[in-house]
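As recorded in TrEMBL, the features of this protein are as follows:
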- 124-421: domain 'NADH:quinone oxidoreductase/Mrp antiporter transmembrane' (DOMAIN)
- 12-31: transmembrane segment (TRANSMEM)
- 38-58: transmembrane segment (TRANSMEM)
- 70-92: transmembrane segment (TRANSMEM)
- 159-184: transmembrane segment (TRANSMEM)
- 204-225: transmembrane segment (TRANSMEM)
- 245-268: transmembrane segment (TRANSMEM)
- 274-295: transmembrane segment (TRANSMEM)
- 302-320: transmembrane segment (TRANSMEM)
- 326-350: transmembrane segment (TRANSMEM)
- 371-388: transmembrane segment (TRANSMEM)
- 408-427: transmembrane segment (TRANSMEM)
- 448-473: transmembrane segment (TRANSMEM)
Amino acid sequence: MEFMLPDLAPALPEMVLLAMACVVLLVDLFWPGRERSNTYVVSQLSLLATLLAVAQTYNGPTTTFSGHYTVDAVAVVIKVMALLIMFGVFLYGRDYLRQRALLTGEFLLLSLFATLGLLVMASAGSLLVLYLGLEVLSLSSYALVALHRDNGDASEAAIKYFFLGALASGLLLYGMSLLYGLTASLDLATVAQVVGEHARAGDFSALMGLALAMLVVGIGFKLGIAPFHMWLPDVYHGAPTAVTAFLTTISKLAAFVLVVKLLAGAAAPLVQQWQQMLVVVTVLSLAVGNLIAIAQVNLKRMLAYSTISHMGFFLLGILANSPAGMAASLFYMITYALTGLAAFGMIMLLSRAGFEADRIEDFRGLNRRSPWLALVMMVILFSLAGVPPTVGFYAKLGVIRAVMQHDLLWLAIIAVIFSVIGAFYYLRVIKAMYFDAPVEQPAISPALDVRVFMGVNGALLLGLGVFPAPLLALCQAVF
């Protein structure tokens, strides 16, 4: 029997990141530099090297490892976004973590492994590889939330995140195992084909329904949508802000991959069944997220509840069940990740040793202290609220238009109503920045590279709003 080695080229970015993570570990052990400066630089170079590998190795859709690993346009877009956003998380978090003695090799290494997990998920061609990538990401995330182990809020958040995250992973695994038992295949394309044959024959068994329900609930936990959101506000509030920035970006991109691979992929023939489930959780997420956020005085908790509502908007495009809807959801997730990164980056930028700028009142009088940062923060908040001409407006417009084309006008109306309600709590922060006097006026002196990156981040939110066509075209092309 002839034995043939699989083509390793499609998995080169993952291998590069894994190898560089090992280099980061060695550098941190033997040559960390002052305040882990060398470890930080090598970690950033690891992301850039992996980004280069992604760009150099993609020459069209490819499958390797007997179909278990696939690289297509969607996977490449997710990988590029994940690497760029993680670069931003490291940059924003560098000084913030140093001031708290948290810029350790463990933080950098766990973040790289979490990113590796997302890259593996993006290229998963089978249920097994998808779950493997998810667990690499999840286990790293649990440890990151517990990074500040001497802080009671962080420890409490880590325990909640671990137990509820483990429950969600268990539900997903059990749902996948039922799909495997019903289809006798781990390959996602084959699973979709066999499920389609059952659906066309009218054979929707109780086990199939149970598997689908477990997948929806498991994905709901990972997305943080209502009513599976109970972990999210405490984790966002308790974790170090650099970790919160990671959770609101990388983890949400991973949840998008789960939706695309499982619901829109393996369970695509059962669209009528999972659509009914998603409609309920979408409306709940829009209501719970926006209404409870109004009562928050802590900015990180407010953004946590805001995330719940944003994931409700993201699901509108999935409910449309069309290439245009999927493209709108991808556009929404990319722009939300950029906006969330900037929002938590601003909190880190305004924080200092012994002080966390995570309350709305901490932003009082920001325009007097730094007009430039106040302007960027206003753009960020307008994008989150969906105010034109920021990119958040076009993201919401895209998913609402997609769901209207699917004859779900009532759902679009509900989304618009809650979007208007949601604008209120963002305006509270803007009012504090521009119309309230500052309680204290400490100097704001971020490093030059952080100021430049924040400026670029804010300019992207405005530029992609004025010229959304290139990113929209990219999202439409991959579907």
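Backbone N, Cα and C define each Cβ position, glycine as well.
Sequence-distant contacts of the transmembrane segment (245-268) (same chain, six or more residues past either end, CB-CB distance under 8 Å): 74, 78, 81-82, 85-86, 89, 92-93, 111, 114-115, 117-118, 121-122, 124, 127, 130, 134, 137, 141, 144-145, 172, 179, 188-189, 191-192, 195-196, 212, 215-216, 218-219, 222-223, 235-236, 239, 274, 278, 303, 307, 311, 314, 318, 321, 326, 329-330, 333, 336-337, 340-341, 344-345, 348. Under 8 Å from some Cβ of the transmembrane segment (408-427) lie the Cβ atoms of residues 279, 282-283, 286-287, 289-291, 293-294, 296, 302, 306, 309, 312-313, 316, 319-320, 381-382, 384-387, 396, 399-400, all in the same chain and six or more residues away from its ends.
For the transmembrane segment (371-388), the list of distant contacts is 306, 310, 335, 339, 342-343, 346, 349-350, 363, 394-397, 419, 422-423, 426-427, 429-430, 433-434, 444, 454-455, 457-458, 461-462, 465: same-chain residues at least six beyond its ends, Cβ to Cβ under 8 Å. Taking residue pairs at least 6 apart in sequence, the transmembrane segment (38-58) and the transmembrane segment (204-225) share fewer than three C-beta contacts under 8 angstroms.
Ranked by Cβ pairs under 8 Å to the transmembrane segment (302-320), the stretches 159-184, 274-295, 326-350, 448-473 are led by 274-295.
When each of 12-31, 38-58, 70-92, 274-295 is scored by its Cβ pairs under 8 Å to the transmembrane segment (448-473), the top-ranked stretch turns out to be 70-92.
Among the listed stretches 12-31, 38-58, 70-92, 159-184, the one sharing the most Cβ pairs under 8 Å with the transmembrane segment (326-350) is 70-92. Distant neighbours of the transmembrane segment (38-58): 9-10, 12-13, 16-17, 20-21, 23-24, 27-28, 31-32, 71, 76, 79-80, 83-84, 86-87, 90-91, 94, 103, 105, 108-109, 111-112, 115, 119; these residues of the same chain sit at least 6 beyond its ends, with a Cβ under 8 Å from one of its Cβ atoms.
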